[in-house]
Structures are given as structure tokens and as C-alpha cells.
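Written below as C-alpha cells is the structure these notes are about.
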Amino acid sequence: MTRTALVWAALAAFLVDQASKYVVIHIMSLWRLLSIDILPPLLNFRYGENRGINFGLLDGDSDLTRWLLIGFSLIVIFAVWIWVRRAHAASVPMQICAGFLIGGALGNVVDRLLYGYVLDFLNMSCCNINNPFVFNMADVFVFAGAIGLVVFEPASRAQNA
């Protein structure tokens, strides 16, 4: 079975992530302004340099941490690629979800290679809950892809049938 949906989804996720970072960080000068309110409190742009993983875990300024996170990300990318290629019943939605995860992870790997950290800029709060965390489109694609893989994985669909 062809895996073109996976490749196109990965490419789309990667390009959306990198383009959004370039526009917001560089063209809109978020790196200088540090904060731009778009639809407060629902959507704000806040400049962030994430040297760890989500929610500041493993945050550190060491090169070892940086390269370990790059290596781990590449292993996950490769493992997901192989898993979906071997899944004979890999549906198009499953391929798209795998592509989102791979493209998002690649976007963050490129950031770590170029800058030494991941560029984050999205901040969302609601209902009198002030969210201090920032994230990026790559994170959205990684989480959406991972959740989708669980939902569309053939074994989980067979158990629910």
C-alpha cells in the first residue's frame, strides 16, 4: 500500500510549523516584542525558547540534553515511520496522523539544530485560568498525530468493534 498520505501530511505539518514560526517570530518581531495579544485571553503570542520538552520538563542549557532530545526525536520519527509502513491495514487517517506526528517532530528537531532550542509562541487561556505555558504548531501536530494513531490503530478499532 502506498504511503503518500503520510508523506504529504508530514510535509504539510512541517511547513505549517516552520512558516508560522518564521512569520510570528521574525516578521511580526515577536523575538523583540516578547508578547502580542491577538484575542486575549484566548490566543496570545508569547516568545519562548524551550530547551526541554513540554511544560519545561528536562529544561536545561546543556548540549548533552539538546543532542539527547534530537536523538530521541529522530528515533521516535523512525519508529513511527516503520510501524505505519508495517501496518498492512494502515488506513489513510492513520497515515495522516503518523504524518502529523512525524512532521511536527521534525519541525522541533530543525529548531534544535538551528537555534539550540525550540521556538514557542502560542499561549492560550480561558475561563479565568491563566495558562503560563507556550507551545508551537509542531506541538499541536505531534499531539494530534499521537492521539489519532491511538484512535485509528487497527488493533484498537478491532477491540472496539
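A Cβ is built for glycine as well, from the same backbone N, Cα and C atoms used for every other residue.
TrEMBL entries are annotated by machine, without manual review.
As written in TrEMBL, here are the features:
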type	residues	note
ACT_SITE	Asp120	active site
ACT_SITE	Asp139	active site
TRANSMEM	64-84	transmembrane segment
TRANSMEM	96-118	transmembrane segment
TRANSMEM	133-152	transmembrane segment
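Asp139 (active site) is 9 Å away from Asp120 (active site) when you measure Cα to Cα. Its own atom aside, the Cβ of Asp139 (active site) has 22 Cβ atoms within 10 angstroms in the protein chains shown. Its Cβ placed at the centre, Asp120 (active site) has 24 other Cβ atoms within 10 Å. The DSSP secondary structure for Asp139 (active site) is helix.
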